[in-house]
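Engineer: Per TrEMBL, the features are:
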- 98: active site, proton acceptor (ACT_SITE)
- 25, 26, 27, 28, 29, 30, 31, 32, 97, 98, 99, 100: ATP binding site (BINDING)
- 154, 157, 186, 189: Zn(2+) binding site (BINDING)
Ligand SMILES: Nc1ncnc2c1ncn2[C@@H]1O[C@H](COP(=O)(O)OP(=O)(O)O)[C@@H](O)[C@H]1O
Ligand SMILES: Cc1cn([C@H]2C[C@H](O)[C@@H](COP(=O)(O)O)O2)c(=O)[nH]c1=O
Ligand SMILES: [Zn+2]
């Protein structure tokens, strides 16, 4: 049994109780890798798996969920969370990547799926580049049966990184990007760079 999977005491089988698992952290923390690992294991267990991502996330591929290491899995891009309810109803496991980009109905949608016996596994950024809670993530974290917080490596000092620092201009919350646009940083290095920005402006 996976450490993060909920152990069932009533039987050793899949008793279709449904659950919500959330994987969160900064950019490059391994959220997508962890999502892919759990989904692959479910497929090996011959479970029916459906994977969704927001249609706006076209960074590496239109339809695949792709990690920064270029591991991938086929997914269905959807432009709102209601489509996940329609398309994910008749399955054992639903995977959702980049959950921060979905609308505020996503917590309601995943609750309905889990209440109908589906295991829902969600990966998303908990904070944006200004360390503000991102999209529906706070609500998802509060209704989750299990939460896994993963960390990247701070590119400045090598300590665990909790934040995604934006290195390009732009104050909009949503801006797709990779290492050319964002850097994973620990608290100390994040604050140092923000302080440097303020001093530059003065
Ligand atoms: N600073 C970093 N810290 C950790 N992993 C990094 C870093 N830079 C690049 N990577 C790569 O990113 C991979 C994780 O990618 P991914 O699962 O797509 O992360 P996330 O979905 O959290 O952005 C790691 O396995 C590693 O190879
Ligand atoms: C911090 C931050 C990130 N984004 C974008 C950048 C990427 O396209 C995704 C995160 O992808 P990952 O799989 O977690 O690496 O989100 C954004 O739009 N706004 C932000 O503040
Ligand atoms: Zn650091």
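Here the Cβ of each residue, glycine as well, is placed from N, Cα and C on the backbone.
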Engineer: Taking the Cβ of each of the binding-site residues and counting other Cβ atoms inside 10 Å, which one has the highest number: 27, 99, 154, 189?
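Structural biologist: Output for this query is 99.
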Engineer: Let me make sure I understand the span of the ATP site: among 25, 26, 27, 28, 29, 30, 31, 32, 97, 98, 99, 100, what is the greatest distance between any two Cα atoms, in Å?
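Structural biologist: The ATP-binding residues span at most 15 Å between Cα atoms.
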Engineer: In angstrom units, rounded to an integer, how far apart are the Cα atoms of residue 154 (Zn(2+) binding site) and residue 25 (ATP binding site)?
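Structural biologist: Per the Cα atoms, residue 154 (Zn(2+) binding site) and residue 25 (ATP binding site) stand 13 Å apart.
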Engineer: What subset of the recorded positions 98, 186, 189 lies within 10 angstroms of residue 31 (ATP binding site), using C-alpha positions?
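Structural biologist: Passing the 10 Å Cα cut: 98.
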Engineer: Among 25, 29, 31, 97, 98, 99, the recorded positions in the record, which have a C-beta under 6 A from ligand 3?
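Structural biologist: Listed by sequence, the hits amount to none.
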Engineer: Do any of the binding-site residues 97, 99, 154, 186, 189 touch ligand 1, in the sense that the CB is under 6 Å from one of its atoms?
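Structural biologist: Not one meets the Cβ criterion.
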Engineer: If you check the binding-site residues 27, 97, 154, 186, 189 one by one, which have a CB less than 6 Å away from any atom of ligand 2?
Structural biologist: 27
